[in-house]
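The following features are taken from Swiss-Prot:
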{"type": "ACT_SITE", "residues": "His41", "note": "active site, proton acceptor"}
{"type": "ACT_SITE", "residues": "His148", "note": "active site, proton donor"}
{"type": "DISULFID", "residues": "Cys49-Cys107", "note": "disulfide bond"}
{"type": "DISULFID", "residues": "Cys63-Cys117", "note": "disulfide bond"}
{"type": "DISULFID", "residues": "Cys81-Cys132", "note": "disulfide bond"}
{"type": "DISULFID", "residues": "Cys88-Cys95", "note": "disulfide bond"}
{"type": "CARBOHYD", "residues": "Asn30", "note": "N-linked glycosylation site"}
{"type": "CARBOHYD", "residues": "Asn58", "note": "N-linked glycosylation site"}
{"type": "CARBOHYD", "residues": "Asn85", "note": "N-linked glycosylation site"}
{"type": "SITE", "residues": "Lys64", "note": "site 'Critical for catalytic activity'"}
Amino acid sequence: MGPDLRCFPLLLLLLGLWWSVRPLCAIPKNLTRAQWFTIQHIQPSPLQCNKAMNSVNNYTWHCKPQNTFLHDSFQDVATACNLPNITCKNGQNNCHQSAKPVSLTQCSFTGGNYPNCRYKDAAQYKFFIVACDPPQKGDPPYPFVPVHLDKII
């Protein structure tokens, strides 16, 4: 006799439901919010998006639809946290606009399946807005650290 496959569709449904409620923006285990911000958004030397996005997608096991890399150091981006607070897109008041524009690359997903994700690159020179929070254990010892890239302007 072969295996009873009557429960197989139910198993697939449950797996699909679990995957759909798993947040795509969840911070990977063992990383602080600032460390995850660094992986997703700090890239001092520009790389082509297909290569650069590997480091992001390897944590999430999916092709992230869009991502922006700031071509600056974490330290320089963190200095924005010392500038006046502005309201974030989510209504919180812990966002800060950079003092000057920076070089950045916006990566837009064009096709493929993880791990073979393909992206289009768009080099730009713009201001950024970051959300900042007090550092967690393991973060650099700044009063506030960037934890979310809120907007590019």
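Glycine is no exception: its Cβ is also placed from the backbone N, Cα and C atoms.
Sequence features annotated in Swiss-Prot and their locations in the structure.
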residue	record	DSSP (3 states)
Asn30	N-linked glycosylation site	coil
His41	active site, proton acceptor	helix
Asn58	N-linked glycosylation site	helix
Cys63	disulfide bond	coil
Cys81	disulfide bond	helix
Cys88	disulfide bond	coil
Cys95	disulfide bond	strand
Cys117	disulfide bond	coil
Cys132	disulfide bond	strand
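Nearest by CA distance to Asn85 (N-linked glycosylation site), out of the recorded positions Lys64, Cys95, Cys107, Cys132, His148, is Cys95. Here the CA atom of Asn30 (N-linked glycosylation site) lies 25 Å from the CA atom of Cys95 (disulfide bond).
The sparsest Cβ neighbourhood within 10 Å, among the listed disulfide-bonded residues (Cys88, Cys107), is found at Cys88.
The Cβ of His41 (active site, proton acceptor) lies under 8 Å from the Cβ of Asn67, Thr68, Phe69, Leu70, Val77, Pro146, Leu149, each of which sits 6+ residues away along the same chain. Between Cys88 (disulfide bond) and Cys63 (disulfide bond), the C-alpha separation comes to 26 Å. A simple Cβ count within 10 Å picks out one of the disulfide-bonded residues Cys49, Cys81, Cys117, Cys132 as the most packed, and that one is Cys132. The recorded positions close to Lys64 (site 'Critical for catalytic activity'), defined as a CA atom within 10 A of its CA, are Cys107, Cys117 out of Asn30, Cys81, Cys107, Cys117, Cys132, His148. Comparing the Cα of Asn58 (N-linked glycosylation site) with the Cα of every entry in Asn30, Cys107, Cys117, His148, these being the recorded positions, the smallest distance points to Cys117. Between the C-alpha atoms of Cys107 (disulfide bond) and Asn30 (N-linked glycosylation site), the distance comes to 26 Å. Closest to Cys81 (disulfide bond) by Cα-Cα distance, out of the recorded positions Cys49, Cys63, His148, is His148. For the recorded positions Asn30, Cys132, His148, a Cα-Cα cutoff of 10 angstroms around Cys117 (disulfide bond) retains nothing.
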